[in-house]
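K.L.:
What follows is a structure written as structure tokens; I'll ask about it next.
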Amino acid sequence: MSYIEKIDPDMFEAIQKEADRQEHKLNLIASENYASRAVMEAQGSIMTNKYAEGYSGKRYYGGCDFVDIAENLAIARAKEIFGAKYVNVQPHSGSGANMAVYFSVLQPGDTIMSMDLSHGGHLSHGSPVSFSGKLYNIVPYGVSKETEALDYDELMKMAKECKPKMIVCGASAYPRVIDFKKFREIADEVGAYLLADIAHIAGLVVSGVHPSPVPYADFVTTTTHKTLRGPRGGMIISKTEELAMGVNKAVFPGIQGGPLMHVIAAKAVAFKEAMDEKFRQDQAQTVKNAKVLCACLKEKGFDIVSGGTDNHLMLVNLNNMNITGKDAEAAMSKAGIIANKNTVPFETRSPFITSGVRLGTPACTTRGMKEKEMELIADYIETAIKNAGNDALLSEVSAKVRDLCSRFPVYS
């Protein structure tokens, strides 16, 4: 940091303040986590200096001997932790990974059946404001109004009616186990490709805490941060060599030029960390923590979408609390708790306002927090949301949150 402090004091100050925020605020954003010092060291390494268009052994630049080693390590480790045969670690993001999969087997105008964003899907699965919604004919599916969970019989019926070229499963705000085998059966019934986007649950999957889509899906995409605790980036797993060849061409030269070799090096480090028993224990604890936090909030009268959680996140419908997601997010922020407003199934408000909040336990679990801390956190959330206009009380909660965080440092 001394180099930045000397060259760019303004940026140094911003980084220091962000470091303080991360250490002393309670992060409940389900898509965020803390990369290890080893991952950050790799990402900040001299690998950033190297251009390496192409793939290992077939580059368009000389001098790629050692970045080839880095990419080969990332690929081999990804294959091992996911039990996969064909892996591309070059995508810069999860959305880019999805784009490459679409481009590899679909034509503009083809039909994609995917989860509606307001029911827990993702922008890149076909939202009208995303490239995916503009290029393809999107048939959205949602959760059952009765159970607020997926109804696979209804999905089969929809697929038979719309006959999609591709079915996308996976979500950014769905708290229940996804049955990838049933999705495979639905895809086979209508002759569709199956893409499983496991960006949120990848860490749970490699640890055996959530079923894996790899045996069932034609394509599996993921980010490498979130529950995987790696650098920000994407990855694609393909079921067959033929599909993998199409994906490789779609990634480069299709949508990207040079890969980010420093990020790929960091991905390799993260995948090695994911092989460790401590990582697996943390993933199991992440789910335990989510279940406890969820149960505590239910006891306090909060309406939990689908009645609970099977993974790392939960959706809280705040309509019975007479507060919007936007206002709840702001109140929690004043109390030192960082979360995000979120639409709930059958939402009636704007996505800028929302009726709910999404809460996740990956980041606080990485800090070492367990069930006992989840009970405290539920108390803090209740106080913040039920006293949104009481700045003095929110300040008191913030002090308690800061004390809690100080007992579980991110980078000790």
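Just so you know, glycine gets a Cβ as well, placed from its N, Cα and C.
Annotated (6S)-5,6,7,8-tetrahydrofolate binding site per Swiss-Prot: Leu117, Gly121, His122, Leu123, Glu242, Ser350, Pro351, Phe352, in sequence order. Swiss-Prot lists His225 with the feature site 'Plays an important role in substrate specificity'. If you look up Swiss-Prot, you'll see Lys226 marked as N6-(pyridoxal phosphate)lysine.
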K.L.:
Within 10 Å of its Cβ, which one of these binding-site residues (Leu117, Leu123) has the largest number of other Cβ atoms?
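P.N.:
Sorting the candidates by Cβ neighbours within 10 Å, the top entry is Leu117.
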K.L.:
Over all pairs within Leu117, Gly121, His122, Leu123, Glu242, Ser350, Pro351, Phe352, the annotated (6S)-5,6,7,8-tetrahydrofolate binders, what is the largest Cα to Cα distance, rounded to whole Å?
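P.N.:
So the binding residues stretch over 43 Å, Cα to Cα.
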K.L.:
What same-chain residues, at least 6 away in sequence, bring their CB to under 8 Å of the CB of His122 ((6S)-5,6,7,8-tetrahydrofolate binding site)?
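P.N.:
Correct list: Gly94, Ser95, Met115, Gly170, Ala171, Ser172, Asp197, Ala199.
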K.L.:
In DSSP terms, helix, strand or coil for Gly121 ((6S)-5,6,7,8-tetrahydrofolate binding site)?
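P.N.:
DSSP assigns Gly121 ((6S)-5,6,7,8-tetrahydrofolate binding site) to coil.
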K.L.:
Three states by DSSP: which one describes Ser350 ((6S)-5,6,7,8-tetrahydrofolate binding site)?
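P.N.:
Where Ser350 ((6S)-5,6,7,8-tetrahydrofolate binding site) sits, the three-state DSSP reduction gives coil.
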K.L.:
For Lys226 (N6-(pyridoxal phosphate)lysine), just give me the three-state DSSP call.
P.N.:
helix
K.L.:
Please report how many Å separate the Cα atom of Leu117 ((6S)-5,6,7,8-tetrahydrofolate binding site) from that of Lys226 (N6-(pyridoxal phosphate)lysine), as a whole number.
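P.N.:
Cα of Leu117 ((6S)-5,6,7,8-tetrahydrofolate binding site) to Cα of Lys226 (N6-(pyridoxal phosphate)lysine) measures 19 Å after rounding.
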K.L.:
Taking 10 A as the limit, how many CB atoms besides its own sit near the CB of Pro351 ((6S)-5,6,7,8-tetrahydrofolate binding site)?
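P.N.:
Taking every protein chain into account, the count is 15.
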